[in-house]
Amino acid sequence: MASSLQTKPTFPENAATKEYAASLDAADPLRAFRDKFIIPSKANIASKKLAKPGLSPEPCIYFCGNSLGIQPKATVKYIEAQLDTWSSIGVAGHFTDLEDSPLRQWQLLSEQAAASMSKLVGAAPEEVAAMGTLTANLHILLASFYKPTATRHKILMDWKAFPSDHYAIESHIAWHGFDPKQSMVLIGPDEGDYEISTQKILSYIDQHAEDAALILLPGIQYYTGQWFDMPKITEHAHSRNLVVGWDLAHAYANVDVKLHDWNVDFAAWCTYKYGNAGPGAIGGIFVHERHGVVDYSEGEDAPKFRHRLTGWYAGDRSVRFKMDNKFKPIPGAGGFQLSNPSAIDLTALCAALSVFDETSIAEIRKKSVLITAYLEHLLLKDTSDETRPFQIITPSNPNFRGAQLSLLLKPGYLGKVSQRLQDAAIVCDKREPDVVRVAPAPLYNTFTEVLNFVEEFKAALAS
Ligand SMILES: Cc1ncc(COP(=O)(O)O)c(C=O)c1O
Ligand SMILES: Nc1ccccc1C(=O)C[C@H](N)C(=O)O
């Protein structure tokens, strides 16, 4: 659910012409950003050889930023700077800010990343930490936030959670000695539907107000692309005393969430999709400021703080290197870190964030609403629900979706559609047995690419 309500864009009669698509590209305030990315070339994606980017000038059409975002040009520059830091000053890199480097000393690098990430998720910098990976972070957060009791032990989640989330929740429940069959409550759409109504989620919360400890949903559902009404669900779950966590894998750097204002308890995300930080890149967490408080009212040596699994990097930098085993957590999300993070991983993240720092999530979202609506308009144009051999299972209301549209094909179509797209060097994701997910990324995709995609897609369906 959008933080600023979006009305659905409309398009003129000539929407499906090259001229019209070009006019949208020309008017796109973010058009200069495309050049900040390395778009895989047609030749490279077809070849099985390791090739330098740019050897062949013709780019593919990359609509797979919901799985893995493409590489920013800044990444090489940033990684080189980091390798130079390491090779030139060795261990001093931990505590030295070099004048001409875009990167802070390694001790401060996660804070550099968190400061930029916090702007993308509507949080204060202290509420965000760059650390770990998504599934591991969910475990760390569940360890602190899932406190089951004999009567309140259930976790509400979605029926088609990404398997890693499903396993993580299942294992946490079992770890506490409960039976996942009893304690995992899966919320799905009504029979024959794909969208889960907010009302249905709220009614599950009511139904489980006495026996559920926590609700953990994806901000955006990976399969259908539905963006859940995060503020409403969070507020309602709180009114029933549930802890609220969000998996923002598909929402981070895609939609304009407001984690602080929505009063979310915790969230975690990966940064390799719309965030472009690279395959398996370091992830992010959010912990609301009220949970990150460190209270010294009982003395400097007796801090009180929310229980969590700890490691030395959660310790305040003022005491981290004292080696006296007196743990004083960093206030905020930083106090949930464990280990010395990989500086190379953080560097790739900072490189990607340097691109996002040049714009804002509000600007990105504005283009996203338009380009995805354009995609939807062209897909549906001049056809009817009865004759179309596919169905868009993503909500049509822009307030309930991000960049992605999920296209459910009639049985038997997926093979020829993916072959045709592959032949046309269009990269998007297919989910067996019959879904194609298409995600125009506002920073590097164009309206002309959307038009080209739809032409190929429709030609494949007709062939
Ligand atoms: C919703 C969701 N959860 C978890 C994952 C996996 O997370 P990771 O492998 O980064 O732990 C993904 C994507 O791979 C995802 O989309
Ligand atoms: N990390 C991966 C590794 C290999 C293949 C895919 C992924 C994905 O991230 C998939 C993604 N979660 C998705 O929703 O498509």
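The first residue you see is number 1, and the count goes up from there.
Keep in mind that glycine also has a Cβ here, set from the backbone N, Cα and C atoms.
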From N263, N340, N397, the one annotated by TrEMBL with L134, T135, F162, P163, S164, D165, D247, H250, Y272, W312 for pyridoxal 5'-phosphate: N340
Cα-Cα distance linking K273 (N6-(pyridoxal phosphate)lysine) and D247 (pyridoxal 5'-phosphate binding site), given in Å to the nearest integer: 13
Residues satisfying Cβ distance under 8 Å from N340 (pyridoxal 5'-phosphate binding site), sequence separation of at least 6: W312, Y313
Cα distance (Å, whole number) from K273 (N6-(pyridoxal phosphate)lysine) to F162 (pyridoxal 5'-phosphate binding site): 14
Neighbour count (Cβ, 10 Å) for S164 (pyridoxal 5'-phosphate binding site): 16
Of L134, F162 (the binding-site residues), the residue whose Cβ has the fewest other Cβ atoms within 10 Å: F162
Largest inter-residue Cα distance among L134, T135, F162, P163, S164, D165, D247, H250, Y272, W312, N340 [record-listed pyridoxal 5'-phosphate binders, Å]: 31
Intrachain C-beta neighbours of K273 (N6-(pyridoxal phosphate)lysine), sequence separation six or more, cut-off 8 angstroms: G65, N66, S67, L68, G69, A249, H250, Y252, A253, N254
